[in-house]
Ligand SMILES: Nc1ncnc2c1ncn2[C@@H]1O[C@H](COP(=O)(O)OP(=O)(O)O)[C@@H](O)[C@H]1O
Ligand SMILES: [Mg+2]
């Protein structure tokens, strides 16, 4: 498909493509360790996917391959109509369209909240500074922290920092958002505020891939839940069926462990 | 509370109250800090004795300072056998200590260059000034060089045009590939400097002559020389050190290898060896007849030397950053250079400030080594002054003065680094 579309401008290409992410027979090794094995995954535009699985099962590695923070060794990944190869221009093009939220926020501590949010629009998208500030304030209001705009990340609580990190990604107006355990480093009373922000985002139709163990969130917003183990996709299903009638033994054990007690 | 009853509930909350008044007072402070036990008391007594002894030994010498004398003999006569410092030598040789053998009627030129240096540094050092004053900082090196060495103003202009040539070439070729753009720009600038700069400045000078009387490098000395070498070295070793540090962390094998070999080679060789290379050996390698200024050669060597240390200091700062910062920058779509410039280096340099300033101070003090290759830095001048019949036998006064001047510069740098660290503190830990 990508061959026939290559001649088109990015806008047309995206207009035509109903698939946000397409991963085909993808494998990844860390040295000799086979971290991802034969991954096949198609994400439709607007689809919300929750990925879960035991620690070390390759969840992070898989979503980090989507914006090429990790390089895959075989198979094919097409994001937003662009195939990921070692071509730096293509990689940067993909990264402009794919936002990512990390477990440890990774805000830039030497910049204010507002500067964190305007940096990429100004330097990557070449948005004029005034306009970038407006966009930033718009999204900071959305995540409900506009009054902290001139503070530094170190002065905010974990939950606030994570909401800023979400706003920072949104300022690039991405078409796809990746979340890698966004609430795992947070105190329980802050988890809800971050999840609420993510639910609001899901309601607006953003294409989302979330690695998370918040099963309530999965049940509320996910179109599909994916269970991974040992570098493979073991089971996927729509959430209700996934939780009420898991088909694989591994999934049952895993769900028993995180929901059981 | 009853031991057997685990259930308990507070009836009223305790309100915050004022902290009890300090048990302070100077007496208490002394007992705690100076005479806390026999060891502490012993150390206090010993220190006080040592300080008192030093003062008793030096005070009469300083107290009998002679400020007006034209020779050591005259000084001794005035002192009439009593111990006393003879600062007359500083007064007598003041211009020489500052400027070396720079022509006396042209002193205003280095003085003006120094005053302008402060103006050029201010916007770089203190953010309070508008960034539009930075253009002066960019123009300053050419202007200062012209003021100090004289000659045609068109020569520094031609040198600057080389940068313009590079920028133009880069802008027109970088769209194809940044690497290509950089190489073309570098090559173009080099060709310009080697082949076009000289003819251009002569031609321009023939049309509009703007000339200052030329002063050869061998006449430049004293603190003027130290400051020229120190400031140029400091200003160029930082960017060079950054590039080397990035090179040493680069994934490109050739760049990585070059950086490692350069850093390890330079760090493994004493500075004095590099300086001798600059003064003697380079003459054999350069085509005969090339006139490559000795001060320029020394500046290059001192810069290379400091940049190797700088690179390691900055590499430490780069390694100190959590990898999440790189990932977040990449995930936002910033390319390598933008990520480095906007995210990585501001943080890494901040961590490295103490080490960077350490290297700066080391570099500035190392400028005194140039006396061994025949340049007239203050130490070399001190030796020359002591060899003179008028001041033969003078010792402490000259070196105390030179030491004090170096101390002022180095202490200033140290204070500035503390100010900078405080200003850049945003992590609120
Ligand atoms: N940079 C790396 N180098 C080597 N092995 C790695 C690296 N990153 C992850 N791994 C390994 O890959 C496997 C999958 O890791 P990861 O994707 O982080 O798991 P998850 O996010 O599901 O907990 C783990 O066994 C981990 O040890
Ligand atoms: Mg993980």
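Every residue, even glycine, has its Cβ placed from backbone N, Cα and C.
Note that TrEMBL annotation is computational and uncurated.
Of the listed segments B:85-105, B:106-126, B:127-147, B:148-168, TrEMBL assigns transmembrane segment to B:106-126. Range with TrEMBL annotation transmembrane segment, chosen from B:180-200, B:327-347, is B:180-200. Outside the transmembrane segment (B:220-247) by six or more residues, the chain places 96-102, 110, 114, 117, 141, 148, 255-256, 258-259, 262-263, 295, 298-299, 302-304, 306-315, 318, 340, 345, 349, 356, 359-360, 363-364, 367-368, 370, 375-378, 380-381, 405, 409 with a CB less than 8 A from a CB of the stretch.
For the transmembrane segment (B:294-311), the residues of the chain that approach it from at least six positions outside its boundaries are 217-218, 220, 225, 228-229, 232-234, 236-238, 240-242, 244-245, 247-248, 259, 262-263, 266-267, 271, 274-275, 277-279, 282, 356, 359-360, 362-363, 366-367, 370, 373, 375, judged by C-beta separation under 8 angstroms.
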